[in-house]
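Asks: Quick paste from Swiss-Prot:
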SIGNAL    1-15  signal peptide
DOMAIN    24-244  domain 'Peptidase S1'
DISULFID  30-160  disulfide bond
DISULFID  48-64  disulfide bond
ACT_SITE  63  active site, charge relay system
BINDING   75, 77, 80, 85  Ca(2+) binding site
ACT_SITE  107  active site, charge relay system
DISULFID  132-233  disulfide bond
DISULFID  139-206  disulfide bond
DISULFID  171-185  disulfide bond
SITE      194  site 'Required for specificity'
DISULFID  196-220  disulfide bond
ACT_SITE  200  active site, charge relay system
């Protein structure tokens, strides 16, 4: 999950966006069909993840925006055709109107599929949250992002990571002045486990509900620098209203 990479150079902290997706570091290979709501956003290559929330709509991160996107559903090994995948072009791509590319606030986006997906054991929707999650809640993060905190290793097979939501105070202390009321941190303060480049836009699912979207962080799996996600619970009304209007 990293739209931002923070580098400490000569005592200065520099933040800049990167055109890469987030990945899973320190996780494990997901079992086949265990994350049926996970989608791959493709523009000739996998560049971000997303979550199917009904047969025709996907939630992803606003920083994953491209003018043309093919949504790939039912994927497990993205390097080969395994049968059962569904490739559907995006008909509409709608970033949150208050998305801020500098602060990465409101980093959420909706994608309307040009035709409804066929729902089955490989492709199914994840529920939107009924309420916001408590600190300590365990969540599942998944994606095809980088699996190394230093260097690169992009897996073909979907990777998973279980990680807890951290308290707001821990989150704000990790990123002073950068955490809005719309954001939450999750992961491990000791480092070693995180999302990373290539996982951006992908799901953070807690107790069967989509509570987060892989968004940003300082590097990947670095000590004291957990992953940051928008709180999907803050956007349920916007999601429902946008779907109804489109």
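Just so you know, glycine gets a Cβ as well, placed from its N, Cα and C.
The structure displayed is predicted, hence computed values, not measured ones.
Neighbours and distances for these, please.
Replies: Residue density at residue 160 (disulfide bond): 17 other Cβ atoms are found within 10 A of its Cβ, drawing on all protein chains shown.
According to DSSP, residue 64 (disulfide bond) sits within a helical segment.
In this structure, residue 80 (Ca(2+) binding site) belongs to neither helix nor strand by DSSP; it is coil.
Around residue 107 (active site, charge relay system), taking its Cβ as the centre, 29 other Cβ atoms fall within 10 Å, counting all chains.
The DSSP secondary structure for residue 132 (disulfide bond) is coil. Proximity of residue 132 (disulfide bond) to non-local residues of its own chain (separation of 6 or more, Cβ distance below 8 Å) is seen for 211, 231, 233, 234, given in sequence order.
Taken residue by residue with DSSP, residue 206 (disulfide bond) is part of a strand. Around residue 206 (disulfide bond), the same-chain residues six or more apart in sequence whose CB sits under 8 Å from its CB are 133, 137, 138, 139, 140, 165, 212, listed in sequence order.
Residues within less than 8 Å, Cβ to Cβ, of residue 185 (disulfide bond) and separated from it by at least 6 positions along the same chain comprise 165, 166, 170, 171, 174, 175, 179, 226, 227, 228, 229. Under DSSP, residue 185 (disulfide bond) is assigned to a strand (E or B) in the three-state scheme.
Under DSSP, residue 220 (disulfide bond) is assigned to coil, being neither helix nor strand in the three-state scheme.
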Asks: Which three-state DSSP class does residue 171 (disulfide bond) fall into?
Replies: helix
Asks: Provide the number of Cβ atoms within 10 Å of the Cβ of residue 80 (Ca(2+) binding site), excluding the reference atom itself.
Replies: 10
Asks: So among 63, 77, 85, 107, 200, all listed as recorded positions, which is physically nearest to residue 220 (disulfide bond)? Use the C-alpha atoms.
Replies: 200
Asks: Need this for a regression test: recorded positions 48, 85, 160, filtered to those with Cα within 10 Å of residue 107 (active site, charge relay system). What's left?
Replies: none
Asks: Measure from the Cβ of residue 220 (disulfide bond) and count the other Cβ atoms within 10 Å, all protein chains considered.
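Replies: Residue 220 (disulfide bond) is surrounded by 30 other Cβ atoms within 10 Å.
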Asks: Measuring Cα to Cα, tell me the gap between residue 63 (active site, charge relay system) and residue 160 (disulfide bond) in whole angstrom.
Replies: 22
